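Lifted from TrEMBL, the feature list:
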DOMAIN    1-351  domain 'Protein kinase'
REGION    178-229  region 'Disordered'
COMPBIAS  196-210  compositional bias 'Basic and acidic residues'
COILED    239-266  coiled coil
REGION    284-309  region 'Disordered'
Amino acid sequence: MEYAPIDFFAVVMSGNMSRLEINCCLKQIIEGVNYLHNLGLAHRDLKLDNCVITTDGILKIIDFGSAVIFKYPYDQYGSKDAIHPCHGIVGSDPYLAPEVLKSPNSYNPQPVDLWSIAIIYCCMTLKRFPWKIPNSEKDNSFKLYCMEDDNWHDYYLSNECHKLLLQQRKLKNMIVRSNKKKKQVEQEQEQEEETPEPKPESEEPEKPTEESTEAMDIDKTPSIQTVQTDTEILSETQVQEILAQLKEIDDKLQQYEVTKNEMKQKFIDSRSKDPAYAAQLLAEEEERTKQAAKQAANPDEKKKPQHKQIHGPYRLMRLLPHASRPIIYKMLQVDPKKRATLEEIMQDDWIKEIQCCTLKRVARSADNIGANFDEDDDELLIKGTPEHEHTVVLDN
């Protein structure tokens with residue numbers, strides 16, 4: 001087995017991981033778990049400590065002491081698609097799925113692994129755990145997460161709007177830079193026309209030195225900078241195309257805004273009829289009354305600043321990048337039956353766009369091609385795109 005010297009936990013806690021590096025590691029973990037699940041194996045103890053990285057940035061999943069077989073490819077007892085439930089509370093508290101604590105005697109281990117992957121992503125992004133244990137009675141952060149959202153949120157729609165806004169800003173900046181450069185070039189041309197040309201001197205011209213010859217050659221050859229400057233100035237046709245794209249983006253944003261307003265109103269109407277939400281508001285009002293009475297009884301006590309608590313999954317999702325929210329929200333559904341499946345994760349647009357670092361098997365010689373002898377293959381490193389570096393934290 002290849003030695004992987006880098007501790008993934010140390011890398012994450014170093015705080016030096018870039019966004020591209022985080023996405024690369026997430027995709028590698030997902031692909032590793034996808035491979036395991038296709039074999040009918042569930043890890044059940046996925047966490048930062050059970051991942052190691054090579055110096056080339058290839059992530060390895062280790063420690064299969066808690067792994068279980070949930071599906072036999074040729075199960076003689078029933079359908080081959082039947083899932084064998086597992087039992088027992090295994091793993092570390094922050095990474096545990098809620099169903100492991102609620103029904104430890106029988107649960108499907110597949111959604112458990114997917115929940116843990118989402119927690120690992122949150123750790124990479126936030127540099128901390130979202131909660132200590134997924135138990136509403138013991139952990140207030142998880143209790144607040146399990147509540148209904150204060151306002152309506154659609155993470156897919158929000159992500160689509162975010163992408164359109166980024167594209168809109170990029171196109172507007174192109175026009176602004178083009179107009180600025182065009183104005184600059186026009187001013188330079190005016191200055192050249194106003195400046196009189198110097199009269200030629202009668203003195204004998206100096207013989208060109210090696211340095212001046214090089215300078216002349218540079219002047220004759222169009223520089224990269226000059227070419228780039230010319231391309232910054234957009235033609236009238238290009239400007240019209242960009243304006244047409246901007247109009248299309250504005251129309252889409254207006255459509256999304258109408259949809260959002262309709263969905264918000266439906267959310268408000270349904271919530272007003274929900275007895276659970278009414279009970280939640282009553283409990284909050286009682287807590288505020290209790291705090292006010294305590295403050296009145298001890299006026300000399302320094303008043304602590306009161307922060308409005310955010311309820312529901314949005315308290316965590318708002319801290320994550322827009323592109324990741326739709327699928328991470330599905331992966332962190334408290335109900336395992338509503339949780340995203342591995343197939344849904346692999347088909348997610350954001351996940352599919354991530355081109356992670358990987359290893360490709362290459363036959364050592366032409367004689368071995370098609371022989372399916374893995375031990376006779378070499379592993380070729382394929383770096384992820386866009387190009388990124390992986391943080392190296394080695395133990396002393």
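Counting starts with 1 at the first residue shown.
Cβ atoms are placed via backbone N, Cα and C, with glycine included.
Within the chain carrying the coiled coil (239-266), a Cβ under 8 angstroms from the stretch's Cβ atoms is held by residues 151-152, 154, 157, 160-161, 164-165, 167-168, 171-172, 174-175, 178, all 6 or more beyond its ends. Per-residue confidence over the domain 'Protein kinase' (1-351) averages out at a pLDDT of 85.
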